[in-house]
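S.K.: From TrEMBL, for reference:
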{"type": "BINDING", "residues": "B:Lys8, B:Tyr9, B:Gly10, B:Gly11, B:Thr174, B:Asp175, B:Tyr180, B:Arg185", "note": "ATP binding site"}
{"type": "BINDING", "residues": "B:Thr48, B:Glu75", "note": "substrate binding site"}
{"type": "DOMAIN", "residues": "B:265-339", "note": "domain 'ACT'"}
Protein chains: 2
Amino acid sequence: MKDLIVQKYGGTSVGSVERIKMVAQRIVHGVDNGKKMIVVVSAMGKRTDELVSMAQAINESPPSRELDVLMATGEQESIALLAMAIQAIGYTVISLTGAQCGIRTSDVHRKARIEGIDTERLERELRAHQVVIVAGFQGIDENDEVTTLGRGGSDTSAVALAAAMRAERCEIYTDVDGVYNADPRVVPGARKIDQISYAEVLEMADLGAGVLHTRSVELAEKYKLPLVVRSSFNENRGTIIKEDVNQMEKVLVRGIALDENIAKISILEVPDKPGIAFRLFTSLAVANIHVDMIVQNVNRTAVNDISFTVNVDELQDAVEVSQKFAFEVGAQKVEFDQGVAKLSVVGTGVVANAEIASKFFESLYELGINILTISTSEIKLSCLIDKDRAKEAMIHIHKKFEM
Amino acid sequence: MKDLIVQKYGGTSVGSVERIKMVAQRIVHGVDNGKKMIVVVSAMGKRTDELVSMAQAINESPPSRELDVLMATGEQESIALLAMAIQAIGYTVISLTGAQCGIRTSDVHRKARIEGIDTERLERELRAHQVVIVAGFQGIDENDEVTTLGRGGSDTSAVALAAAMRAERCEIYTDVDGVYNADPRVVPGARKIDQISYAEVLEMADLGAGVLHTRSVELAEKYKLPLVVRSSFNENRGTIIKEDVNQMEKVLVRGIALDENIAKISILEVPDKPGIAFRLFTSLAVANIHVDMIVQNVNRTAVNDISFTVNVDELQDAVEVSQKFAFEVGAQKVEFDQGVAKLSVVGTGVVANAEIASKFFESLYELGINILTISTSEIKLSCLIDKDRAKEAMIHIHKKFEM
């Protein structure tokens, strides 16, 4: 749709009655500039956490289906309030829940994936209203069940809507100024990046206070949709994420990323049979567990050790799957370690450039930090290190690369 | 459906995590006794009030559609939490929103009426689960818009579901022990009534702390569905409301009702033309305003004064409609008075029995209280009096009738 902008406001941006009123003002600027607006919102501030803690006070492991019914109320609350705020300043507006907006998902509660968007109602409402407010993070499956999209869900909702409606761009409003070349909470000299490619930002998903989630960037890349990340608290320009980024200077290292939210699982003395690793990682995939760095230590005996990292949120499930696997194949035992962190340098050509890898390893050596695991992708070089020393390492490497 | 019980729990009954756990225990007693259970719940405690006050902080007169989207989150929250509590103690359960439950309503936001219930999903879930938890107070209109049912909405949801599913009975759980022969908060000697007919309880809708709303009793009467009103805080038997009530003794006066939540509107010097009152009351009906006591003072001149009472919640709307009417027909002015209350004696034959009316008027005379308006129905005699003296009058009359 021509002149259509999709905006997304996170929980802190709509955290209070006052903030909601301010966001309303920001949204109608778009209307004043002749734009059609779709606005995706998260639940207010800590509302989702409040709901989850009530659920846990009632049931230690609440059923996922009911958790989704519960959590979806958070966004439904904020869309109604934001619509009221926009109506109060004289613009025509309507709110839509995930179901009303036609966001169809898979039937995996708490981790649903968007399968498609029936845009008919959305198009009708956009013709009738200047602004359409949509509940992020939620959808509906083929049985009319309420689903939620898991981590980064509202960003994914926004990007999917922007793609489905062929919006000019998708603007993600948050509490930071954009994507930084290192986490500004950790590295004092961290700088905001003005433009960055999808691929680079994907590898730096944890920069800038975890401002963007992988899923939404992948989706934006697939549809070549320009993404803008900026603060809802000021008028700074933010970071533009798009396909081709003009680089006046050849910058090799775009940023340094630190992920402290991971854990390492090791399965010791796994019998060395063909297909055995495949069997483990298939079980983990079926359980919807995202596995990151994988290391298989081949011993001289007929047994291997298999290690991998997961997000700490998925540690409990991953350990359960691993223990079941270990029991079935006759492995010795399963160990896990939450005291690890993943430190990465990101940028086009970092892996091809031996100098960068050597500088990276040298920095860790200078600090006497042991490297537990190394992994590489086309544009990223990552080391698993001791979590206690990760921030110190990050600051040192940022300096070393003179970013 | 055979062995089906519908229960409804109000906001105070599910007002906290602890209360939700207690209600869960009460519900599963039904399952243990071989019953299928449909349980309708209201929003937790003061949640609806919190939501409304947030809305009003954002928009002085928030659009009704968005208010419905907002308010519906309250019940959605409590159904999910209650379902989690029941699952935690080992029973199979599922929650359904009004939309999921197939509660189809008219499209009048904030005051929707139930037009029908598509029971297909409900039946399927009852076959698969021991307990089905349903969000009260809400439904969905033909355009998939969220609607709410207005005052007494959750009771109405429960009775409508019980009627549609041909339940054995509908049990309304609240914070009082049942229907009283006078408001126990006002009259110290008020007694709980064990059995009462639909017609009588309809006239006493305000007894027992406003425990039942007219709409739900009318609906129960239409389908001859036995209603039980009892406390969720103890095991007392409550009040049974049904078609025929065995009366061992001939009790004429069943109860005394006081409604302080009303206001009187007077339109002065309305030109005396045929159809003019019809025109006023049609305008009020179109605006969904329920009009109660009507008095038309015919003067000797060609103008009349028309007075009527409305619920205070509807006063602002009613005054607006009246002023528009007064302007159009050339009446002199519109006045309103919130300082009035309606005191009634209810019971089969009260109007036919001259002694009761005389005792009622005598009581007011003894206290020197002026009667502003009198109205009668087959089983009720009501006087509009000064609100400041209404409680005193109620206590005096309760004594006088030796109830």
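Glycine is no exception: its Cβ is also placed from the backbone N, Cα and C atoms.
Mind mapping these onto the model and telling me what they sit next to?
M.R.: For B:Arg185 (ATP binding site), the number of other Cβ atoms no farther than 10 Å from its own Cβ, over all displayed protein chains, is 12.
Residues within less than 8 Å, Cβ to Cβ, of B:Thr48 (substrate binding site) and separated from it by at least 6 positions along the same chain comprise B:Gly11, B:Ser42, B:Met71, B:Gly74. Secondary structure at B:Thr48 (substrate binding site), as computed by DSSP, is helix.
Per-residue pLDDT, averaged across the domain 'ACT' (B:265-339), gives 88.
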S.K.: By a simple count, how many Cβ atoms lie within 10 Å of the Cβ of B:Gly11 (ATP binding site), its own Cβ left out?
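M.R.: I count 24 other Cβ atoms within 10 Å of it.
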S.K.: Report, in whole Å, the straight Cα-to-Cα distance of B:Glu75 (substrate binding site) from B:Lys8 (ATP binding site).
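M.R.: Cα to Cα, B:Lys8 (ATP binding site) and B:Glu75 (substrate binding site) are separated by 12 Å.
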S.K.: If you count other Cβ atoms within 10 Å of each one's Cβ, which of the binding-site residues B:Glu75, B:Asp175 has the most?
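M.R.: Checking each of B:Glu75, B:Asp175, the winner is B:Glu75.
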S.K.: Would you mind ranking the binding-site residues B:Tyr9, B:Tyr180 by how many other Cβ atoms sit within 10 Å of each Cβ and giving me the lowest?
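M.R.: Fewest other Cβ atoms within 10 Å, among the binding-site residues B:Tyr9, B:Tyr180, is found for B:Tyr180.
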S.K.: Select the most exposed residue of B:Gly10, B:Thr174, where exposure means the fewest other Cβ atoms within 10 Å, treating these as the binding-site residues.
M.R.: B:Gly10
S.K.: Report, in whole Å, the straight Cα-to-Cα distance of B:Glu75 (substrate binding site) from B:Asp175 (ATP binding site).
M.R.: 18
S.K.: Take the domain 'ACT' (B:265-339) and count its residues per DSSP category (helix H/G/I, strand E/B, coil), listing them in that order.
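M.R.: Helix (H, G, I), strand (E, B), coil: 29 helix, 29 strand, 17 coil.
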S.K.: Sorry to bug you, but what's the C-alpha spacing from B:Glu75 (substrate binding site) to B:Arg185 (ATP binding site), rounded to the closest Å?
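M.R.: With the alpha carbons as reference points, the distance is 28 Å.
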S.K.: Helix, strand or coil at B:Gly11 (ATP binding site), per DSSP?
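M.R.: In three-state terms, B:Gly11 (ATP binding site) counts as helix.
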S.K.: Using Cα coordinates, what distance in whole Å links B:Gly10 (ATP binding site) and B:Glu75 (substrate binding site)?
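M.R.: Cα of B:Gly10 (ATP binding site) to Cα of B:Glu75 (substrate binding site) measures 10 Å after rounding.
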